[in-house]
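Asker: First the structure, which I've put down as structure tokens, then a few questions once you've had a look.
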């Protein structure tokens, strides 16, 4: 039996890397004898078997990496998201996620919230029962809130307006028996009077309050306070003004003058707000000398009688007294401020108690030696007649006017009636004489 010729390897230096393993196996099998084929097949089967085992081992040896960023989410992914499991299973999972270290200190964050962001790497103790106790406490508090919803006091019930929900309110109205006088007393403006509280600053400056009866501050009644130092009529810089005192003085002077008449008939009194025919007050500062007559003296339907003219001196003296007292009260003294130049010149100031300058009382201009007529206008015989007063019977300057406001000497009731008759005959309409 002849041996097969051995062929020399064309590449003695080593295997060609470009040739695959299958080519090498084919060449080897072709060159070998048939008796060696069984041995080669066994080697190939062993290699294939080992390759499958290595792949399966690699698949089994892949580590399961769990990130530590969100332990609670990872625990749900590992152990399921069902929240209705039994306590034993939840305790086991808690032990796996959060370490129990009896020798260490309790984790403060875990004791408060029932969770820990460090998870199994935390070095503190995590009692297993803590999270379960927190859940039970929350459920218990929720049940208590449902059973007792009226644990908090209703903040609207104890105000003046009360609670609009009434008995259906979910908050407590339990102080109704303990505080029967919860509704405060109201002043004449309908604002609450609270003696123990601080005075409402807006009300003390302006006399009104936008909060109304719900305001928690005190709103004293100015009629009960009275006096010159009433805080309701304070100026911007501390000055005070109370119109109550002048009104009382004026009412006293008018009443005393009324009783001075010996005939028993009340004399003519210049009213501050008269209701004469054809006159309608249009402003709050409408004065008596402006609204006392809307017609010329020769056309006035109510001509003054002789006793009214005779008693005018008594009326003017009381009016001048009232005016002087009012000027003293309504102009504030502010020693730390500059003096009001207009007040020093004229004795008057249009800002009155709101003026921020000083109004010294001892430097008031001297009262001129003249009297006033029955309308409160000055009688200055040495001056010319006031044209506005001679035409219309009123003067917008009032007592400060520098002209004369005496009754025209040609005035008489008969002449006024004659003038009226002429106008009625000429126009043919009685109403034309009044317009």
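Yeah, the Cβs are placed from backbone N, Cα and C, and that goes for glycine too.
So Swiss-Prot says this about it:
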- 1-91: region 'Disordered' (REGION)
- 101-129: zinc finger (ZN_FING)
- 148-176: zinc finger (ZN_FING)
- 194-222: zinc finger (ZN_FING)
- 235-274: region 'Disordered' (REGION)
- 247-256: compositional bias 'Low complexity' (COMPBIAS)
- 334-362: zinc finger (ZN_FING)
- 380-408: zinc finger (ZN_FING)
- 412-435: region 'Disordered' (REGION)
Asker: Based on DSSP, tally up the residues of the zinc finger (194-222) by helix, strand and coil.
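Answerer: Counting residues by DSSP class gives 10 helix, 2 strand, 17 coil.
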Asker: By DSSP, what is the split of the zinc finger (380-408) into helix, strand and coil residues?
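Answerer: Tallying H, G and I as helix, E and B as strand, the rest coil: 9 helix, 2 strand, 18 coil.
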Asker: I'd like the per-state residue tally for the zinc finger (334-362) from DSSP, helix first, then strand, then coil.
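Answerer: Tallying H, G and I as helix, E and B as strand, the rest coil: 11 helix, 2 strand, 16 coil.
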Asker: Going by DSSP, how much of the zinc finger (101-129) is helix, how much is strand and how much is coil, in residues?
Answerer: 10 helix, 2 strand, 17 coil
